[in-house]
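Asker: Below is one structure. I have some questions about it.
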There are 2 protein chains.
Amino acid sequence: MEFHYPNGKKYNPSQQQIAKKGHSKPIRYGNRGMTLEEDLNLTNQYYLEIGHAVIHKKPTPIQIVQVDYPARSAAVIKEAYFKQPSTTDYNGVYKGRYIDFEAKETKNLHSFPLQNFHEHQIRHMIQVEQQKGISFVIIRFTTTDEVFLLPSQHLFRFWERMKNGGRKSIKKEEIENYGKTIPIKYQPRIDYLEVVDILYHSYF
Amino acid sequence: MEFHYPNGKKYNPSQQQIAKKGHSKPIRYGNRGMTLEEDLNLTNQYYLEIGHAVIHKKPTPIQIVQVDYPARSAAVIKEAYFKQPSTTDYNGVYKGRYIDFEAKETKNLHSFPLQNFHEHQIRHMIQVEQQKGISFVIIRFTTTDEVFLLPSQHLFRFWERMKNGGRKSIKKEEIENYGKTIPIKYQPRIDYLEVVDILYHSYF
C-alpha cells in the first residue's frame with residue numbers, strides 16, 4: 001500500500017482535484033499502482049455523478065502512534081504506520097447488490113504474479129462470495145494497457161493451485177479465458193460495471 | 001473523528017486486540033464514541049466469525065503530508081491530518097444486499113442533535129438509497145444505554161425539517177416511532193441485523 005503514497009514528497013491535493021474532476025489525465029507519479037487507482041477513482045466518480053453506482057475506494061488503514069493537538073489548530077498525526085488492509089480496496093452498491101473488488105497491475109507480458117494478493121484478502125473475498133456479494137479483481141497489464149475483470153471464484157482456483165505447489169502466477173491466457181476484457185473509454189475510463197452486467201446478470 | 005484517537009497518548013494495540021477478541025469488555029477510553037464503535041466492531045467480528053455478514057468499519061481517511069522511509073524499516077508517516085470522511089463509517093454485505101450505516105451517540109436524554117451528521121454523509125446515504133442499498137443510522141442514548149436503528153429515509157425528513165428552519169434535533173420519541181430498538185445482548189452486542197431483517201424484509 002505504501003506505493004500509493006508520495007515518497008516523502010509533499011502531498012499535492014490540487015493535482016488530485018484536477019484528476020478527480022476529470023478535466024485532465026490523471027497525474028502520473030511514475031507509479032503504476034497510482035495510475036490504475038486514479039483511473040478507477042475517475043470511473044467511480046463518474047458512476048456516482050450519473051447515479052449509476054456508489055462505489056468508493058477505502059482509505060488506507062493507518063496505525064496511529066502519536067497525535068499532537070496544537071492549541072487552536074487541527075490535530076496533527078506525528079507518528080503513524082501503514083497497516084496491511086484486512087479487506088479489498090473497493091466496495092459499494094450497484095442496483096442493490098454489494099460490489100467488492102481489488103485492483104492490481106503488472107508490468108509482466110504473459111502472466112500475473114499471485115504474490116500481489118495477501119492471504120487475508122483472499123479470505124475476505126471468500127467471505128464476500130459466501131454472502132452472495134459480487135467479488136472480483138481488476139487486473140491491468142500495464143505494458144499492453146489491457147484491463148481484465150476476473151471473478152473471484154476463478155482467482156480462488158489459481159490461488160489453491162499455488163498453495164498446492166503449482167505455479168505462482170496466473171497465465172494471461174487463463175485470465176482471458178476465465179475473465180473478461182474491460183473496455184477502456186474516455187468516460188468512464190474503466191467501465192467495469194458493463195462487464196459486471198454481463199458476467200453477473202443472474203444477480204440482478 | 002479525532003475523538004476516536006488517543007489524545008497524544010501511545011496507541012495500544014494489545015487493548016484493542018482484547019476488545020476485538022471479545023475476551024473482555026471493550027476498554028473504556030472515557031470516550032463514548034469509542035464505546036459504541038468498539039461494541040459494533042465486536043458485533044461485526046461476531047457476524048463475520050459465524051458467517052452471518054461481512055461488515056467492516058472503514059478506516060479513517062488521513063491526508064498524508066510527509067512519509068519517511070528509513071533504510072531497512074517500515075515507512076513512517078511523519079505528518080498527516082484527519083480528513084472528513086465523504087461516506088458513512090460502516091458498510092458491507094448481508095445476504096447479497098449492500099448494508100451501509102453511520103453510528104452516533106448522544107448524552108442527551110430526550111433528543112438527538114442532527115449536527116452529529118455532515119451534509120456529505122446525508123448525500124452519501126441518499127445515493128445509497130437510490131442504488132437500493134440498505135442505509136440507516138444506529139443511535140445510542142448513552143445515559144439510558146438505549147440503541148436504535150433509524151432507516152435513512154426518516155433521517156432525511158428530519159434533516160429537511162432542520163434545513164427548512166425546524167428543530168435541529170430528532171426527538172427521542174420520533175426515533176422510537178420511526179426507528180426500532182436494537183436488542184443489547186452479550187453476543188452479538190448490538191444485534192442490528194435482527195432489526196434489519198424486520199424493517200427490510202422486503203429486500204431479501
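Glycine residues also receive a Cβ, built from the backbone N, Cα and C atoms like all the rest.
Keep in mind that this is a model prediction, so the values were computed, not measured.
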Asker: Need one residue: from B:Gln115, B:Gln121, the one TrEMBL lists with B:Thr87, B:Asp89, B:Glu102 for Mg(2+).
Answerer: B:Gln121
Asker: Taking each of the binding-site residues B:Asp89, B:Glu102 in turn and counting other Cβ atoms within 10 Å of its Cβ, which one has the fewest?
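Answerer: Looking at the binding-site residues B:Asp89, B:Glu102, the Cβ with the fewest others within 10 Å is that of B:Asp89.
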Asker: Taking 8 Å from the centroid of the Cβ atoms of B:Thr87, B:Asp89, B:Glu102, B:Gln121 as the cut-off, which other residues in that chain fall inside it around the Mg(2+) site?
Answerer: B:Lys58, B:Pro85, B:Thr88, B:Tyr90, B:Asp100, B:Phe101, B:His124, B:Met125
Asker: Out of the recorded positions B:Thr87, B:Asp89, B:Glu102, B:Lys104, which are near chain A, with a C-beta less than 8 A away from one of its C-betas?
Answerer: B:Thr87
Asker: Note down the number of other Cβ atoms within 10 Å of the Cβ of B:Lys104 (site 'Transition state stabilizer'), including every protein chain shown.
Answerer: 17
Asker: Would you identify which of the binding-site residues B:Thr87, B:Gln121 has the most other C-beta atoms lying within 10 angstroms of its C-beta?
Answerer: B:Thr87
Asker: Compute the C-alpha separation of B:Lys104 (site 'Transition state stabilizer') from B:Asp89 (Mg(2+) binding site), stating it in Å without decimals.
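Answerer: Pair distance, Cα basis, whole Å: 10 Å.
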